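Undergrad: Let me give you the structure first, and then I'll get to my questions.
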Amino acid sequence: MCATHLTLLLACLTLPWVVCLGDKCNDKTHYRNDDLCCDLCPAGHFVKKDCTRIQKTICEKCPSGTYNAEATELFKCYTCMECQYARSECIPTRDAVCYCPPDSLCTTEECPTCKKKPTCGKGEQLQQTGEKCEPCPNSTYSDREGGNCTALTRCDQLGLDVVFPGNKTHNAICTQLTTAGPKEDGNLTQVVLATCLLCCVFTSLMVVVVVSVWTVKYRKQMRLIKSLKGSPVGVVEESQKFQLSEEEKGDKSLEEINLKTSLSFDLQEYGRSCGP
């Protein structure tokens, strides 16, 4: 009896990787093979041969194109996933990571292959599944093709007036509050009207002044013409004599002729003032 216990004790001391019959294996570091607890192979490896009472587990590295992400008791590695678009390549300790461009959708959860997204029109967006378009929910809009729906701007929350409330294809349009606007516009209109009125009055006065001056000059000329027609004979004869005497004197300078002509008209005026 003592010899049996001694044998078992020596076996446990010389083979620490083997657990005696009846003990429970640590699942994180060992796996059970019949009545033995064998070491798991580390990530990136597979079990080439199970442990025995005299030998540890024999592990081997995963060949190219395969992987094991965790410590394992398997006799083979997993096959790497082939990606249409790979974010990271497959290595012995990790599978490849696939993805699809923004304009594409994954065909499965692992995303090995992609398909083109449907292009939604204005006022629409893709469903969560990414396969169909749906109208924008209430109070949201999408103003471009292939876009996502966005919440409409709330003018009242910004302290602004609403110019356009918005719809499913256009955002709301806001403007500054214009409480004092109408009064200012009215004052501006009054100023413009007053300016126009003053311009009209000034122009009218100028026209009246010009017409009045012209009328006065015209009347003076008409009176002068009439007075010349009815001037006294003596004065006319004196004027004629004066003119004949000038002609007899021959050519004179232009200034002398103008001076004498002026004197002739003065004589005529004098005759009219003295006449009946």
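The backbone N, Cα and C atoms fix where each Cβ goes, glycine too.
Source: prediction; values computed, not measured.
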Undergrad: Can you sort out which of Cys38, Cys41, Cys80 is the disulfide partner TrEMBL gives for Cys59?
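TA: According to the record, the bonded cysteine is Cys41.
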Undergrad: Among Cys25, Cys51, find the residue that TrEMBL gives as the disulfide bond partner of Cys38.
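TA: The record-listed partner cysteine is Cys51.
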Undergrad: Of the listed cysteines Cys77, Cys80, which one does TrEMBL record as disulfide-linked to Cys62?
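TA: Among Cys77, Cys80, the record in TrEMBL lists Cys77 as the disulfide partner of Cys62.
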Undergrad: Out of the disulfide-bonded residues Cys38, Cys41, Cys51, give me the one sitting nearest to Cys62 (disulfide bond) by CA distance.
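TA: Out of the listed candidates, the nearest Cα belongs to Cys41.
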Undergrad: For Cys41 (disulfide bond), which residues in the same chain are close in space, meaning a Cβ under 8 Å from its Cβ, but six or more apart along the sequence?
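TA: Non-local contacts for Cys41 (disulfide bond): Val47, Thr57, Cys59, Glu60, Asn68, Ala71, Thr72, Glu73.
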Undergrad: Determine how many residues of the domain 'TNFR-Cys' (61-98) DSSP places in helix, in strand and in coil.
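TA: The composition, in the requested order, is 0 helix, 13 strand, 25 coil.
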Undergrad: At the level of the C-alpha atoms, what whole-angstrom distance separates Cys51 (disulfide bond) and Cys77 (disulfide bond)?
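TA: Roughly 19 Å, rounded to the nearest whole number.
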Undergrad: How many other Cβ atoms sit within 10 Å of the Cβ of Cys51 (disulfide bond)?
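TA: Around Cys51 (disulfide bond), other Cβ atoms within 10 Å: 20.
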